[in-house]
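Q: The domain 'FAD/NAD(P)-binding' feature in TrEMBL is assigned to 6-321. Marked as disulfide bond by TrEMBL: 43-48. Taken from TrEMBL, the feature FAD binding site covers 52, 115, 139, 140, 141. What TrEMBL records for 174, 175, 176, 177, 178, 179, 180, 181, 197, 264, 305 is NAD(+) binding site. Taken from TrEMBL, the feature domain 'Pyridine nucleotide-disulphide oxidoreductase dimerisation' covers 342-449.
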Ligand SMILES: Cc1cc2nc3c(=O)[nH]c(=O)nc-3n(C[C@H](O)[C@H](O)[C@H](O)COP(=O)(O)OP(=O)(O)OC[C@H]3O[C@@H](n4cnc5c(N)ncnc54)[C@H](O)[C@@H]3O)c2cc1C
Ligand SMILES: NC(=O)c1ccc[n+]([C@@H]2O[C@H](COP(=O)([O-])OP(=O)(O)OC[C@H]3O[C@@H](n4cnc5c(N)ncnc54)[C@H](O)[C@@H]3O)[C@@H](O)[C@H]2O)c1
């Protein structure tokens, strides 16, 4: 056994773990980062970045579909799926090596392997035992296991991003972000797609009206949505799969070439031996204080998808990593503030959101103005022949501050960050209206989305 001592040992080399390294290395602390797979973790290797390459192809197919509006004649597009997957892989192939160089420049010692606790501030990885003043759990998330017969037949997003064969049909279990993004990619590529959601509607955490817009567009491109269902079992039928589910107590079945687990992701902490680290948890959900420290062992910090109470998003993981790094250097002075964090579901077009949904704003009891616009007839939307162009902005009547914004289409994935700035820094609806925007642009429509003062 080799024994070493570090100021900081980080478990996981994804966005969260890498986010920790900036503040702690600037302060001159010694750092070891343990990572069994590719540096960068999920987002650049198995998540956001490769997924967006496929989404971009979906966007191009969507644009081609509307070419005739611009009086451009094109033939039926033919997508070479295997070549598209190769393009995606080629685009991300250098990321782990680039990050390894970045970590070396920062003088972070990267150790390959799976780390586990052997004592409250001691980690074992392979034949090395590392003593640490601070341990950071940044081990990300994994697909939620589904306790049904035949669950082993399901694939995950990792497989979808690597499969060079375009399936003829796919069933997604769960109507959340991963399912809808891949459902749009597959449907536009020509596959038959069914989404089975347990709750009464898709994307339960997002604004109900915005989701209704997305569901209508999803159905327009051929995606079949079954909400309020109970998935019972998955059976193999030759090379295909049969999913048995109930709706209103009646049993139904659907068949497809692939069945995907889109039921959410849970903290990846099961193999860390948290008990040896004296880290309290409930089913792997670590109990944390306001500074992202374990309540039972404050030398242990948690960030990224392993945090059970914050959105599982790439920029949130980096942000929490930075906070953990600063708390290690400064003492527990920094706490995350999740207000104003924009998010998008990268369907084509995208559903984008920031702040409160209308239901939550009403539930909170504030007096609100709700500005809803179907913008398909607006000049900007007509120029680009948008199939959908919809927004909802929620403003507090008393303070004139923006409480929430929701877009479907109309460059919402870009415009949403303007509303994020407004929420975070208290820019009022009147100030947003008063600003002068480049014209003609989608952002020039923002002042009209807010109605007249
Ligand atoms: C298909 C998909 C698409 C996504 N798209 C988006 C998107 O468009 N936008 C967005 O904001 N977010 C997106 N996300 C979410 C985003 O990828 C995550 O929120 C983010 O990557 C989490 O970063 P992390 O550092 O917490 O975890 P990860 O990046 O998962 O890193 C955790 C690392 O810990 C390592 N590890 C595991 N066990 C151990 C151990 N015992 N010891 C040491 N290391 C260990 C793992 O190998 C992994 O590299 C997507 C996720 C998926 C799955
Ligand atoms: N664009 C992005 O930012 C992006 C993209 C992909 C993933 N992610 C992150 O990854 C996380 C995981 O994504 P996800 O789509 O797996 O989770 P999700 O939480 O978005 O959706 C899971 C869905 O599955 C449903 N569900 C759960 N159990 C079910 C069951 N037994 N039968 C049928 N439906 C069931 C839930 O009600 C929910 O609607 C997300 O929380 C998100 O933060 C983000």
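Backbone N, Cα and C atoms are what each Cβ position is placed from, and that goes for glycine too.
I'd like these features described in context: how deep, what's nearby, how far apart.
A: The Cβ of residue 43 (disulfide bond) has 23 other Cβ atoms within 10 Å, all protein chains considered.
Within the same chain, residues at least 6 positions away in sequence whose Cβ sits under 8 Å from that of residue 141 (FAD binding site) are 42, 265, 266, 267, 268, 305, 306, 312.
Every protein chain considered, the tally of other Cβ atoms within 10 Å of the Cβ of residue 305 (NAD(+) binding site) stands at 31.
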Q: What is the average pLDDT across the domain 'Pyridine nucleotide-disulphide oxidoreductase dimerisation' (342-449)?
A: 96
Q: Please list, in sequence order, those recorded positions from 48, 140, 176 with the Cβ less than 6 Å from ligand 2.
A: 176
Q: Indicate whether residue 197 (NAD(+) binding site) is helix, strand or coil by DSSP.
A: strand
Q: Counting distance between Cα atoms, which of the binding-site residues 52, 174, 176, 178, 180 is nearest residue 43 (disulfide bond)?
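A: Its closest listed neighbour, by Cα, is 52.
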Q: At its widest, how many Å does the recorded NAD(+) site span between Cα atoms of 174, 175, 176, 177, 178, 179, 180, 181, 197, 264, 305?
A: 23
Q: Return the members of 43, 140, 174, 305 (the recorded positions) with CB less than 6 angstroms from at least one atom of ligand 1, or none.
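A: If the test is a Cβ under 6 Å from any atom of ligand 1, the answer is 43, 140, 305.
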Q: Using DSSP, how many residues of the domain 'Pyridine nucleotide-disulphide oxidoreductase dimerisation' (342-449) fall into helix, strand and coil, respectively?
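A: DSSP composition of the domain 'Pyridine nucleotide-disulphide oxidoreductase dimerisation' (342-449): 39 helix, 33 strand, 36 coil.
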Q: Spatial neighbours of residue 176 (NAD(+) binding site) among the binding-site residues 52, 115, 139, 140, defined as Cα within 10 A: which are they?
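A: Passing the 10 Å Cα cut: none.
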